[in-house]
């Protein structure tokens, strides 16, 4: 009886692990149909007979992004929204341009790990582990260097040079999502109550209100 119970427990564990992973595609491809009316966890498929080479193509990643903004960086994503052929494949990428001393502010990707390679310039990069350690792991990268950001951990990049910098990031989801920490906390609609944020950040309501105005 004990051996039977142990076998059942192992099967249950294996089944739960299988459910925790994304399913593999069940056909050659599932090109996203932006006009699909069925609500699914992802995007519905176009009729395979109408699929063209353009469904698997994205052009223009060689072009520099406009970094003339408050943070001094620009992300050019290539996810399923921009490239329909990525649907169900579990991958995407992005080009990130940085002005001198520009930053890609602290953010998370709720559905993906990220691997980043520096093409030009140098970047200070880092991420923070979860509670209770909150350990800050950081490194300065140079052209050709690679760094990995684990799934859902808060991370950032900063151009620490006087020249423009460029990086390419690959992500383990066709739709990784992005949660910019400052935007989410201070720019939510409707606002999070200032007294809640003031207590969380151990500051005054006036300070929080002044920050919220900027977002």
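Each residue, glycine too, has its Cβ placed from N, Cα and C.
The annotation signal peptide is assigned in TrEMBL to 1-20.
Cβ-based neighbour count (10 Å, all protein chains) for residue 45 (disulfide bond) stands at 19. Taken from TrEMBL, the feature disulfide bond applies to 30-45.
Per TrEMBL, domain 'Cupin type-1' is recorded for 68-209. Confidence for the domain 'Cupin type-1' (68-209), expressed as mean pLDDT, is 97.
Same-chain residues at least 6 positions away in sequence with a Cβ under 8 Å from that of residue 109 (oxalate binding site) are, in sequence order, 149, 151, 152, 171, 173, 176, 177, 178, 179. Taken from TrEMBL, the feature oxalate binding site covers 104, 109, 114.
Per TrEMBL, the feature Mn(2+) binding site maps to 107, 109, 114, 155. The Cβ of residue 114 (oxalate binding site) lies under 8 Å from the Cβ of 148, 149, 155, 169, 170, 171, 172, 176, each of these being in the same chain and 6 or more residues away along the sequence.
Within the group of binding-site residues (107, 155), the Cβ with the highest number of other Cβ atoms inside 10 Å belongs to 155. For the recorded positions 30, 104, the greatest number of Cβ atoms within 10 Å around a candidate Cβ is found at 104. Cα of residue 107 (Mn(2+) binding site) to Cα of residue 30 (disulfide bond): a distance of 29 Å. Shown in sequence order, 94, 107, 108, 112, 116, 149, 155, 169, 171, 176, 178 are the same-chain residues outside 104, 109, 114 whose Cβ sits within 8 Å of the Cβ centre of the oxalate site. A straight line from the CA of residue 45 (disulfide bond) to the CA of residue 104 (oxalate binding site) spans 33 Å.
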